[in-house]
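Copied from TrEMBL, the annotated features are:
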ACT_SITE  CYS175  active site, thioimidate intermediate
BINDING   204-227  NADP(+) binding site
DOMAIN    6-310  domain 'IMP dehydrogenase/GMP reductase'
Amino acid sequence: MENVFDYEDIQLIPAKCVVNSRSECDTSVKLGGRTFRLPVVPANMQTIIDEKVALFLAENDYFYIMHRFQPEKRSTFIKDMKSRGLYASISVGVKEEEYQFIQQLAEENLVPEYITIDIAHGHSNAVINMIQHIKMYLPESFVIAGNVGTPEAVRELENAGADATKVGIGPGKVCITKIKTGFGTGGWQLAALRWCAKAASKPIIADGGIRTHGDIAKSIRFGASMVMIGSLFAGHEESPGETFEKDGKLYKEYFGSASEFQKGEKKNVEGKKMHVEHKGKLQDTLIEMEQDLQSSISYAGGSKLDAIRNVDYVVVKNSIFNGDRVY
Ligand SMILES: NC(=O)C1=CN([C@@H]2O[C@H](COP(=O)(O)OP(=O)(O)OC[C@H]3O[C@@H](n4cnc5c(N)ncnc54)[C@H](OP(=O)(O)O)[C@@H]3O)[C@@H](O)[C@H]2O)C=CC1
Ligand SMILES: Nc1nc2c(ncn2[C@@H]2O[C@H](COP(=O)(O)O)[C@@H](O)[C@H]2O)c(=O)[nH]1
């Protein structure tokens, strides 16, 4: 593979500004027939999203994907969202009981607008079979399948019926897949995204490795329709999980979905747990993200998100931080 790079190796090149104010720039994006305020979705992880966060996001026109780690709550969750006139977006795995769950939803005529098949190694018959199963029983649902890291995988999942694919094996902050297995897109996630996007005929969700708001614009430039983010959303007042104080500072936990902590056993562990500084209100971060992305659009010389997709860029190997800290 030629031209391997990651987020910190790239700078996008400004084009002539066409707006009088960044507030004129529109960060909205369409996915599955709905328009969302930002091309950003908080990761479907237990320390990032719960029912309350999902409700807040849906009510405020953000995209969300509920995690799958309390499977017994999913039907009630879908009913609850629908009774409020909101869309339902859930995750499933690929084990036998998940097949029954999909059939049960169909029998109850409980159709989530979005279903994400969420497993570590998404380029597999297990995912292909689940896509086909969902399309047979819940043909109206928009199916996101992943995670994958190659064009072949994107094509196969799209051909199986996936409406979008999720790209990223191992670039996550609490991921240890790259260390434990030697595989993945960690360290070259942005180049992998570009590689996959060139093969895609449907939307791609870039998943993992976002460390700054500028990385959202870079993901859009390299082919993402939507960007999934964990660590930047961890540690908010509303984030699920324990809050604790150390040396007068507040912290919250953030753990991997394949961590021993999530699994409750030390088997095939590919994730870890960390503590992140308390970040205040989720809404403030979302607004800051929107403003930063509006600014990105203005630097791209446009007034809509699509302007970013065509900008030139340079590779500045490992040097954009120049010794600076992000914040
Ligand atoms: N994006 C990423 O880089 C990664 C994300 N994760 C996250 O962790 C969570 C748990 O993932 P996962 O373990 O897949 O979910 P599950 O524990 O639900 O496993 C799903 C199924 O896939 C099998 N499986 C898992 N990994 C592999 C593999 N490498 N090769 C073949 N079969 C496999 C499992 O069997 P068995 O366990 O017996 O092998 C099981 O049958 C998910 O939320 C996932 O997104 C995990 C790792 C990487
Ligand atoms: N290899 C693992 N990847 C994981 C695990 N839990 C979640 N994830 C992935 O990370 C992203 C979030 O990445 P971030 O850099 O924004 O923090 C998430 O969406 C998953 O795809 C895990 O245990 N192991």
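Placement of Cβ uses the backbone N, Cα and C atoms for every residue, glycine included.
Taking the features listed in TrEMBL, we show where each one sits on the structure.
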{"residue": "CYS175", "record": "active site, thioimidate intermediate", "DSSP (3 states)": "strand"}
{"residue": "ILE204", "record": "NADP(+) binding site", "DSSP (3 states)": "strand"}
{"residue": "ILE210", "record": "NADP(+) binding site", "DSSP (3 states)": "coil"}
{"residue": "ILE216", "record": "NADP(+) binding site", "DSSP (3 states)": "helix"}
{"residue": "PHE222", "record": "NADP(+) binding site", "DSSP (3 states)": "coil"}
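In this structure, CYS175 are the recorded positions from CYS175, ILE204, HIS213, SER219, PHE222, SER225 whose C-beta falls under 6 Å of some atom of ligand 1. When the recorded positions CYS175, ASP207, ILE210, PHE222 are checked against ligand 2, CYS175, ASP207, ILE210 have a Cβ within less than 6 Å of one of its atoms.
Looking at the domain 'IMP dehydrogenase/GMP reductase' (6-310) alone, the prediction's average pLDDT is 97. It is 12 Å from the Cα atom of ASP207 (NADP(+) binding site) to that of CYS175 (active site, thioimidate intermediate). If you take the Cα of ILE204 (NADP(+) binding site) and the Cα of the residue listed as 'active site, thioimidate intermediate', they are about 21 angstrom apart, rounded to a whole number. In this structure the C-alpha atoms belonging to SER219 (NADP(+) binding site) and CYS175 (active site, thioimidate intermediate) are separated by 19 Å. Residue density at ILE210 (NADP(+) binding site): 27 other Cβ atoms are found within 10 A of its Cβ, drawing on all protein chains shown. Distance noted between the C-alpha atoms of ILE216 (NADP(+) binding site) and CYS175 (active site, thioimidate intermediate) is 19 Å. By the criterion of other Cβ atoms within 10 Å of the residue's own Cβ, the least surrounded of the binding-site residues SER219, SER225 is SER225.
Other Cβ atoms within 10 Å of the Cβ of ASP207 (NADP(+) binding site), summed over all protein chains shown, number 31.
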